[in-house]
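Student: Copied straight from Swiss-Prot:
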- Asn13, Met14, Asp15, Gly41, Lys42, Gly43, Ala44, Asn45, Glu141, Asp240: substrate binding site (BINDING)
- Asn185, Thr208, Lys209, Gly210, Ala211, Asp212, Gly213, Gly239, Asp240, Asn263: ATP binding site (BINDING)
- Asp234, Thr236, Ser269, Ser272, Gly274: K(+) binding site (BINDING)
- Asp240: active site, proton acceptor (ACT_SITE)
Amino acid sequence: MKTPNITVVGSINMDMVTITDVVPVQGETVLGKDFRTVPGGKGANQAVAAARLGANVRMIGRVGDDPFGHVLTENLAKEGIITDSVKPVTDCTSGVATILLSDRDNRIIVTKGANEHVTPDYVAAFEQELAASDVVLLQLEIPLETVAYVLEFCAKHHVTTVLNPAPAQKLPDAAWTDATYISPNENECLQLFGDEPDANLRQKLIMTKGADGVQFYENDEQVQVESFRVEPVDTTGAGDTFNGAFAVALGGGTVKEAVRFANAAAALSVQSFGAQGGMPTKAQVQSFLQEQGG
């Protein structure tokens, strides 16, 4: 299998993580156990996941002209990701995610900052790179008109797209049509498409269900791929790891095989702290799959 060329158009954030035993209710103050800042953002996370798994990855995004922005760009470059399409925005803060981590679960508030400047005009400067991609990954932490523009462009140029519709937001009908694959989690799928997505949409859906695995449709027949049982430390980046790994594996076999590979990568990712901290290499995923019976 040739090394895939993957372009990620999406968010780049600094994750500000507070670890606590108790989640405060309204008006309550509780003591936290620890505080950490770690690189994140759904776009950047998926880019790192794909790069760790051996893909050639380009990130298209924006950061603030601030200390966080410099750290975030350097972090991507350190992972081998092409960053000449990540440019700072003057007089704007970098995107930030405030994460409350408790009992190995998480709650997240995202402040978009420079991610709001990932506009169609900005991305249009990289159309040549988009057209040369094997897979383009998108999420919904950047302006929705940009997502719709990229999906339309890629559909016209026969480039495979994976749209991770998180956080769940409505897009024009044409955007869903233009996407090759749509990868919501169970809650996002229900919010966006209801209990019974139409037949055309079902063929695109790769629905993640946490510990219950992944569900998709093949020739209108429901297929369920079980998850791998592990003891999680931090689930923050599991979905992003899944999406990056799914994009990497798409060119090497069936959708079911790509989902199983992505499930294995996600299982490994939750065993370390931080969205990117536990993202595995291709060798680690292959070794894990062998241990699990191939």
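Any Cβ shown, glycine's included, is placed from N, Cα and C.
For each feature listed, report its degree of burial, its nearest neighbours and the pertinent distances within the displayed model.
Tutor: Long-range Cβ neighbours of Asp15 (substrate binding site) (same chain, at least 6 residues apart, Cβ-Cβ under 8 Å): Thr37, Val38, Pro39, Gly40, Gly41, Val96, Ala97, Ile99, Thr236, Gly274, Ala275.
When secondary structure is read from DSSP and collapsed to three states, Gly213 (ATP binding site) falls in the coil class. Its own atom aside, the Cβ of Gly213 (ATP binding site) has 16 Cβ atoms within 10 angstroms in the protein chains shown.
Taking Cβ-Cβ distances under 8 Å and a sequence gap of 6 or more within the same chain, the neighbours of Asp240 (ATP binding site) are Lys42, Asn45, Gln46, Ala49, Asn164, Ala275. The secondary structure of Asp240 (ATP binding site), as reduced to three states from DSSP, is helical.
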Student: I need the least crowded one of these binding-site residues (Asn13, Asn185, Thr236, Ser269, Ser272), counting other C-beta atoms within 10 angstroms of each C-beta.
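Tutor: Checked Asn13, Asn185, Thr236, Ser269, Ser272; of these binding-site residues, fewest Cβ neighbours within 10 Å: Ser272.
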Student: Find, among the binding-site residues listed as Lys42, Lys209, the one whose Cβ has the highest number of other Cβ atoms within 10 Å in the structure shown.
Tutor: Lys42
Student: Of the binding-site residues Asn185, Ala211, Asp234, which one sits closest to Asn13 (substrate binding site) when you measure Cα to Cα?
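Tutor: For Asn13 (substrate binding site), the spatially nearest of the binding-site residues is Asp234.
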Student: By CA-CA distance, flag whichever of Lys209, Ala211, Gly213 among the binding-site residues is nearest to Asp234 (K(+) binding site).
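Tutor: Considering only the listed binding-site residues, the nearest one is Ala211.
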